[in-house]
Amino acid sequence: MSQTTAQRAAAGTADYLDQRTGISKAVKGFARKIFPDHWSFLLGEIALYSFVILIISGIFLTMFFVPSMGLIVYEGPFAPMNGLEMSEAFASTLALSFEVTGGLLMRQIHHWAALLFIAAIVTHMMRVFFTGAFRKPREVNWVVGFVLLILGMAAGFTGYSLPDDVLSGNGLRITDGVVKSIPVAGSYMSYMIFGGEFPGEHIIPRLFTLHILVIPGLILALIGLHLFLVVLHKHTHFPGPGRTQRNVVGFPLFPVYVAKAGGFFFIVFGVLALMAATMTINPVWNYGPYDPSPIGAGAQPDWYIIFLEGALRLMPGNTEYVIGGFTLSLNVLIPAVIIPGILFTLLAVYPFIEAYATGDKKEHHLLDRPRNAPVRTATGVAILTAFFVLLLAGANDIIATHFSMSLNDITYIFRASLLIGPFIAFWITKRICLGLQRKDRELVLHGHETGRIMRLPHGEYIEVHKPLDEFERWTLVQHEPNRPIEPAPQHDERGVRRKGYRRDAIRARVSRFFYEDRVEPVTPQELSRAQAHHHGPEGLVGTGDGTVASVDHGTTDAYRSVQAGDAGTGQGPVPSPAGERER
Amino acid sequence: MKAIAARRHHRHAPMVLLLLALLMTGGLYAAFAPSAVSAAAPSEDDIAAGRALFIANCATCHGPSAEGRDDVPSLIGVGAASVDFQVGTGRMPMQMDGPQAAAKPPQFDQEQINQLAAYVASLGPGPAVPSAQQVDPALGDAANGGALFRTNCAMCHGAIGAGGALTEGKWAPSLADSTPTQVYTAMVTGPQSMPVFNDANLTPDEKRDIIAFLEEQHRGSPGGITLGSLGPVGEGVWVWIVGMGLLIGASVWIGAKSS
Amino acid sequence: MSNNEKGTDLEPRSSGADVDQAGAAGPERFDNPGLPTHRDRATDRDPAAARRAERTVIVLFALSVLGTIGTVVAYIMVPTGESVENMRLSNLLLGLGLFLSMFGIGAAAVHWAKTLMSDHEQAEDRHPQRGDAETRQAAIAALGAGAEDSGIGRRGVLKGAVVSAVALAPLSVAVPLVGELGGDWNVSKFRHTLWERGRRLTRDPSGDPIRAADVTIGSVFHVIPEGLREGDHADHWIEEKAKAVVLMVRLDPADLTEAEDRRDWSYEGIVAYSKICTHVGCPVALYEQQTHHLLCPCHQSTFDISDGAKVVFGPAKRALPQLPITVDDEGYLVAQDDFNEPIGPSYWERLK
């Protein structure tokens with residue numbers, strides 16, 4: 001009776017759809033689905049939205065781009081190019097930038113979005129890695145995400161080369177050189193890519209097809225799979241009061257996330273529009289049409305490929321060998337294939353390595369605070385350090401000019417940094433994590449310092465500590481302590497060598513590497529002992545660091561194994577404050 | 001006209017014509033030749049003043065008669081162009097030893113530089129300072145200049161002259177603040193690491209085209225801020241700082257509880 | 001807050017028997033205290049604040065509308081035009097309009113969600129990913145029945161036939177595709193360039209021949225072969241150029257160290273080397289006149305031009321191939337021959 005026309009129309013449409021698709025079931029299931037709230041859960045969305053914006057701006061660009069290497073003479077409004085011979089690809093890039101109103105904006109949005117796409121994927125991946133969100137049941141989705149990273153880089157690389165400018169053309173030439181270095185098949189693979197000798201006339205059309213059809217198609221399919229798995233698994237959430245492995249705490253999809261996540265799409269689009277409006281990106285009109293002779297200083301690929309460039313720059317050249325008349329270019333293969341291969345493989349299989357070391361078959365839906373997984377966090381930082389050194393090495397000429405340094409010295413420094421930097425980063429990060437865990441323990445056991453000093457009747461001065469409430473405490477004590485796996489004994493009851501002992505022993509070694517050094521969360525007993533010790537008007541009063549430490553040593557079962565030194569971490573014994581157990 | 005036609009047959013006519021032709025050639029040569037002919041020929045006074053400046057400021061390294069020593073080049077035959085470039089960009093007098101002399105605010109005014117140039121030019125023939133017309137960007141073809149720049153200059157100075165690194169701490173400077181004359185004199189003299197581009201390699205017209213291309217860069221980029229024209233490295237830095245910076249900020253805002 | 005399915009893997013892990021033995025003093029783990037009490041926002045407590053928030057949301061949406069209108073106006077009023085300044089202005093206005101139009105919607109929606117939509121946290125149960133035992137049994141039974149139906153287990157040859165047919169079938173597309181991708185597959189083209197006896201060295205890109213006398217000490221010439229775009233190879237001049245580009249400099253003959261067998265490859269201190277890096281093929285072109293070093297801007301291989309273009313730094317291994325040159329009757333520089341080795345990056349059968 002009070003129904004408006006609009007409401008009647010909506011009801012009619014809904015009924016029509018439901019009778020044909022049963023959509024009411026999906027709406028019932030999904031509309032109020034709970035998603036947890038945390039800023040870092042939006043990093044993946046930045047990547048997703050960048051991809052949507054890439055498609056929107058990409059469609060605009062394909063309307064005007066001509067993927068042809070046929071040569072024409074440019075006649076157009078951009079004076080420094082007028083009358084020059086160039087490929088149709090380059091000319092159409094100039095035309096869509098300078099003659100299509102809004103074309104330049106779309107081109108710049110497209111390129112900024114491409115850089116942002118990978119930056120967001122990498123940041124998202126860092127979040128997933130450092131919080132342990134890749135653990136069972138999400139290992140598969142980690143691999144899907146990893147493949148998306150590779151595809152994203154491939155999409156970027158193929159698109160970067162399309163305008164057929166000097167900069168990207170030299171990038172293709174480097175690709176050609178790298179491909180040629182592949183043993184046995186190199187020359188033929190180069191011919192396969194370029195349809196003959198470099199540069200040929202096929203590469204731009206081929207890259208175009210890959211860039212606008214094959215790779216985005218695969219990305220789209222895998223994004224679908226990625227999101228499907230997210231919905232299937234339900235999102236992980238950070239530990240906190242009320243959050244468990246068996247629930248998900250947050251807000252309903254409709255309306256809160258429709259507004260927040262939907263709104264975020266527009267924010268991402270807005271930020272990209274702002275960047276494209278004000279900041280030049282990939283000014284191909286400066287680089288000029290491709291010609292095999294010129295090269296510009298500052299010859300680099302887009303940021304996500306620079307680590308390869310850096311690896312190529314760092315490698316000493318004396319590693320090219322001639323074996324039986326055949327040339328083996330390890331000076332190219334190691335930096336371009338083997339080093340990235342190691343780093344990326346490590347990244348892709350890390351969830352499986354960790355599961356192997358943990359021996360853990362449970363589902364994990366609560367995230368780890370990075371400090372609570374010191375070896376994982378340290379491994380992640382070590383991989384990132386290696387990437388970062390390679391990235392900087394790829395920009396060594398820019399560093400040389402901007403910091404008035406010698407190109408050669410920088411190269412030597414980075415060579416050394418690549419070899420030792422990851423190990424130093426690993427050690428420091430692990431120490432920081434363990435330190436932070438001890439700080440958490442201190443906080444739980446002794447409460448917050450208040451800065452209030454009081455004098456006890458017998459003349460002792462103490463600082464009043466304010467105990468943590470149970471909600472704050474829970475976040476600090478909720479995590480499960482991971483302990484190294486002990487291999488089953490070498491001999492069974494009858495004294496026979498057990499089959500598979502060696503395998504177990506290896507596994508135990510890996511496990512020790514991960515979990516030997518650790519700080520376990522405070523247990524209720526420990527807390528009550530600490531509280532029993534404390535005395536004073538507020539029940540939980542620390543009496544100064546010295547006293548507290550000695551009390552804790554007495555009340556916890558912290559002890560040190562004589563084998564602490566060969567923990568597989570290569571580290572010597574470390575001081576063992578309250579609660580750290582090493583075996 | 002008849003009168004002229006009649007005089008054509010005059011027996012002095014060939015001589016007059018020859019004279020006229022010579023005068024015109026000389027005039028054209030004066031106008032276009034890549035030499036100091038167009039500039040006022042330096043007087044003896046200028047050379048003397050230049051010599052005094054040289055003794056006071058340059059002779060410590062280059063020697064009292066500019067003959068050079070050990071690692072210091074002789075200035076005999078480097079020409080006025082070299083002085084104009086080196087002293088005019090502040091590279092000389094050199095502040096300190098280093099991988100290469102850096103540009104800095106010039107220590108002499110243009111008159112003093114001209115006097116020094118006159119003195120050095122008097123020591124032996126060398127490239128002269130170009131005329132205003134030779135370096136007038138309005139007379140050059142920026143597109144041709146761009147093509148030449150990419151082949152001959154961009155490998156060191158970057159695609160549009162933002163500069164770049166060389167070996168062992170040396171560098172190719174940015175050309176953004178170089179005057180047309182400095183660009184020209186650098187090409188003909190090849191200061192420090194830079195090779196010489198003589199008139200057979202790049203003709204005076206081609207040099208002017210390159211100057212026109214570089215002048216065109218002062219209009220900036222159609223796309224907005226140039227970010228230093230450093231290429232993909234600069235873009236990579238900014239996408240993290242501005243793009244990821246703003247969006248992580250937005251994420252924190254979205255994720256934070258409202259008070 | 002937790003569901004009650006039995007036998008899932010989701011039980012909190014017991015942290016070890018040793019603690020149990022010592023655990024006279026209470027539980028070994030803390031208990032989850034449950035969701036903290038909800039704190040109302042200003043907009044929940046104060047209707048005026050809620051009205052203010054609503055107004056802010058409306059203003060933000062309105063800003064978006066203005067942005068869209070602005071974009072359209074900018075599109076009509078400031079087309080891209082003829083000058084760099086105009087192109088920049090057009091790009092800036094369109095972009096700012098688009099920014100407002102998008103950012104307005106985004107900020108409005110988020111502000112709406114944060115201030116006006118419910119912020120009571122809710123919990124939803126999770127269920128283990130694996131199917132329960134009954135479902136698994138049923139799935140295995142279904143597959144088993146299907147396999148039995150097809151008889152695949154019994155008919156071994158049939159199984160082999162299916163697998164081979166399906167595995168081989170893609171070849172009928174892949175073989176022609178891969179076969180055609182490489183053009184003529186004649187990789188021996190890597191070995192030869194356009195340079196031949198008597199071919200003049202000319203300036204890049206003009207193609208003007210170069211007199212030896214014009215190459216003064218300290219100059220560097222970027223060189224292409226004469227007639228690059230003529231003759232049989234006219235259609236493939238760009239591939240030929242990619243192999244044939246040469247960098248030529250003149251040094252004081254006193255500075256020049258030459259190998260015994262290459263004494264006559266230079267001409268009065270003029271030497272010509274392939275410009276294509278022996279590392280991965282970038283044009284090596286940064287010539288430092290004073291040190292005679294040639295630097296590749298891509299990966300910083302450094303070659304010493306005064307000493308046979310040997311590698312002095314960086315990732316390249318081999319010296320740049322030298323082009324033997326001389327002068328013809330008219331005083332122009334010409335090649336004596338092609339390079340005596342393949343130019344550019346190494347490849348497997350390079351020396352074969």
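Quick reminder: no glycine exception, Cβ is built from N, Cα and C everywhere.
Curation does not apply to TrEMBL; its annotations are automatic.
These features come from TrEMBL:
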- B:CYS58, B:CYS61, B:HIS62: heme c 1 binding site (BINDING)
- B:CYS153, B:CYS156, B:HIS157: heme c 2 binding site (BINDING)
- B:45-124: domain 'Cytochrome c' (DOMAIN)
- B:140-218: domain 'Cytochrome c' (DOMAIN)
- B:1-30: signal peptide (SIGNAL)
- B:237-256: transmembrane segment (TRANSMEM)
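B:CYS61 (heme c 1 binding site) is surrounded by 15 other CB atoms, counting those within 10 A of its CB over all protein chains shown. Sequence-distant neighbours of the transmembrane segment (B:237-256) (same chain, 6+ residues past either end, Cβ-Cβ under 8 Å): 227.
Each of the binding-site residues B:CYS58, B:CYS61, B:HIS62, B:CYS153, B:CYS156, B:HIS157 was checked for a CB under 8 angstroms from a CB of chain C; the ones meeting this are B:CYS156. Counting only same-chain residues at least 6 apart in sequence, those with a Cβ under 8 Å from the Cβ of B:CYS153 (heme c 2 binding site) are B:GLY161, B:ILE210. The most densely surrounded of the binding-site residues B:CYS58, B:CYS156 is B:CYS156 (count of other Cβ atoms within 10 A of its Cβ).
Taking a C-beta cut-off of under 8 Å and a sequence gap of six or more, B:HIS62 (heme c 1 binding site) has these contacts in its own chain: B:PHE54, B:GLY68, B:ARG69, B:VAL72, B:PRO73, B:SER74, B:LEU75. On its own chain, B:HIS157 (heme c 2 binding site) has B:GLY163, B:GLY164, B:ALA172, B:PRO173, B:SER174, B:LEU175 as residues at least 6 apart in sequence with a Cβ closer than 8 Å to its own Cβ. With an 8 Å limit on C-beta distances, none of the binding-site residues from B:CYS58, B:CYS61, B:HIS62, B:CYS153 reaches chain A. For the domain 'Cytochrome c' (B:45-124), residue counts in helix, strand and coil come to 41 helix, 2 strand, 37 coil, using DSSP. Across all of the domain 'Cytochrome c' (B:140-218), the predicted model scores a mean pLDDT of 91. Break the domain 'Cytochrome c' (B:140-218) down by DSSP state and the numbers are 43 helix, 5 strand, 31 coil.
Between the C-alpha atoms of B:CYS58 (heme c 1 binding site) and B:CYS156 (heme c 2 binding site), the distance comes to 29 Å. A Cα-Cα distance of 29 Å separates B:CYS61 (heme c 1 binding site) from B:CYS156 (heme c 2 binding site). Taking the centre of the Cβ atoms of B:CYS58, B:CYS61, B:HIS62 as the heme c 1 site, the nearby residues of that chain (Cβ within 8 Å, site residues left out) are B:PHE54, B:ASN57, B:ALA59, B:THR60, B:GLY63, B:ALA66, B:GLY68, B:VAL72, B:LEU75, B:MET92, B:PRO93.
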